[in-house]
Amino acid sequence: MDNAFSPSDLKTILHSKRANVYYLQHCRILVNGGRVEYVTEEGNQSLYWNIPIANTSVVMLGTGTSVTQAAMREFARAGVMIGFCGGGGTPLFAANEAEVAVSWLSPQSEYRPTEYLQDWVSFWFDDEKRLAAAIAFQQVRITQIRQHWLGSRLSRESRFTFKSEHLQALLDRYQKGLTDCRTSNDVLVQEAMMTKALYRLAANAVSYGDFTRAKRGGGTDLANRFLDHGNYLAYGLAAVSTWVLGLPHGLAVLHGKTRRGGLVFDVADLIKDALVLPQAFIAAMEGEDEQEFRQRCLTAFQQSEALDVMIGSLQDVASKLSQVVR
């Protein structure tokens, strides 16, 4: 009797509705008794933990991990995105002028739809339309920050207190600045100013003290480490959203056409400031460990339907700027 599953048996849950995102370190991933499991060592014991692949969107493998060919085959059949990255949200490879933040292996067991790829490519070579896409992404980003920073969930965090009018003024200023942008570099300048101001606002909201955002995973304080870690989880969701729609990671609209995987960073930015940033500072002041913070982020992603936001934003931009005649 053939007990093998077909890919269609495993893809019954839409990616945007899948509940699980995994970040694993110091373990082995294998197939045991027909199930994909990760194995951890505690003393002389090997502990086996099930990964429900049909309800998992992305698995990120950090330092000290190995994965068998059989496990990779099952991940592909279930449509699970795999990302190899450094430990605790640091780049996988870094050198003088080259950095690989995450190396992605997308499921290859089925063809992806071409509708959104055709729409995306039809405008992507036009500088003005690519700029319009970048600004549209930033508008979504602003909406997400307003919604979640001023929402009921964050207002219940007694450690995170700030004046809403300060945030509103900051976002209004950024929104106005976007209307004057003529190039993607103009957008990047405005974005950098806005992000720096958000860091300052968040640090003050929890009485964190002096804070400087470290680059390339070089931060040693808790807030920087948690920001890196949470951002990598956002990259995982972003990679899934682009794969679901059949969009190559190289077709960025803001992070540069030559940066590897730039579209993943563009899409992750839609929710990073809204969801990861405040949680990183709250968790740092609570003295949480990485696992507790990771659960904070995943809960926030699920409750806010972050993957839905990413997929919907990509679809909206693709359809509105498309030059394809149908």
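Each residue, glycine too, has its Cβ placed from N, Cα and C.
Remember, it's a predicted structure, so these values are computed and weren't measured experimentally.
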Same-site residue for Mn(2+) (record: Swiss-Prot; known: Glu191, His255; options: Asp210, Asp269): Asp269
List of residues, in chain order, with Cβ under 8 A from that of His255 (Mn(2+) binding site) and at least 6 apart: Gly262, Leu263, Phe265, Asp266
Cβ packing number for Glu191 (Mn(2+) binding site), 10 Å threshold: 20
Asp269 (Mn(2+) binding site) in three-state DSSP notation: helix
